[in-house]
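*Asks:* What follows is a single structure, and I will ask about it in a moment.
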Amino acid sequence: MTESCALDLGSAEAKAWIGVENPHRADVLTELRRSTAARVCTGRAGPRPRTQALLRFLADHSRSKDTVLKEVPEEWVKAQGLLEVRSEISDKNLYLTRPDMGRRLSPEAIDALKSQCVMNPDVQVVVSDGLSTDAITANYEEILPPLLAGLKQAGLNVGTPFFVRYGRVKIEDQIGEILGAKVVILLVGERPGLGQSESLSCYAVYSPRVATTVEADRTCISNIHQGGTPPVEAAAVIVDLAKRMLEQKASGINMTR
């Protein structure tokens, strides 16, 4: 494929672009390029990257920065029928500079959960924007409905799903403690990589407590997106995980494989 600076850098054609000139086995490069989203087969211009490769790198970097700084629209949250609460954070800048505040619910959020959510559920599902707005909006419809349906089909008492704005992973400990949940499942946007801004993670923990739960107590399923673990498939895996956590009364490194 010839180099063209006019190529849409976000298109499938740009992602499949091969910059190696006169390859000995073009079919091998084509197969390699199709097999990974990594920056392979981009070629060189002397000791430097080719223009197309550099522009794609800069575009992917900009996309990753954008998804960190974007906000999940309030209208989108309402359209999903989700209760929205916040951490102690008031804006995105504070979220990026004070991660400790993102681990705690605001007083208003605590009151809302106590008054509007099911208490003492087997499983509490929480959605949070985290560091990627795109991860939530792109994967929501293919992961949350099948996840909730699967948990209910398994005979589990499922709590009221809700959205936490500006949440960090550890905020699920306080949520579980307030609601008396046996298992808390947090679906949160991952820190975006270059060119991959839609990756979602699931952090599941059994009987969390703010004072005693540590990171090793969590079980994580990451890289949930169309180019990684498909959201629908991830939902089935999470349901199975929740069942095993309840059976073993454990999570993280305390679970038996």
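Each residue, glycine too, has its Cβ placed from N, Cα and C.
In case it helps, TrEMBL gives these features for our protein:
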BINDING   Val169, Glu190, Cys220  adenosylcob(III)alamin binding site
*Asks:* According to DSSP, does Val169 (adenosylcob(III)alamin binding site) sit in a helix, a strand, or coil?
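*Replies:* Note: Val169 (adenosylcob(III)alamin binding site) is coil by DSSP, not helix or strand.
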*Asks:* Using DSSP with the three-state reduction, classify Glu190 (adenosylcob(III)alamin binding site) as helix, strand or coil.
*Replies:* coil
*Asks:* Give the maximum pairwise CA distance in Å, whole number, for the residues Val169, Glu190, Cys220 listed as binding adenosylcob(III)alamin.
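*Replies:* The span, Cα to Cα at its widest, is 12 Å.
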*Asks:* Least buried of the binding-site residues Val169, Cys220, going by other Cβ atoms within 10 Å?
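*Replies:* Relative to the other binding-site residues in Val169, Cys220, Cys220 has the fewest Cβ atoms within 10 Å.
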*Asks:* List every residue in the same chain as Glu190 (adenosylcob(III)alamin binding site), at least 6 positions away in sequence, whose Cβ is under 8 Å from its Cβ.
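*Replies:* Set apart from Glu190 (adenosylcob(III)alamin binding site) by at least 6 residues yet with Cβ under 8 Å, we have Gly130, Leu131, Ser132, Ala135, Ser199, Leu200, Ser201, Ser222, Asn223.
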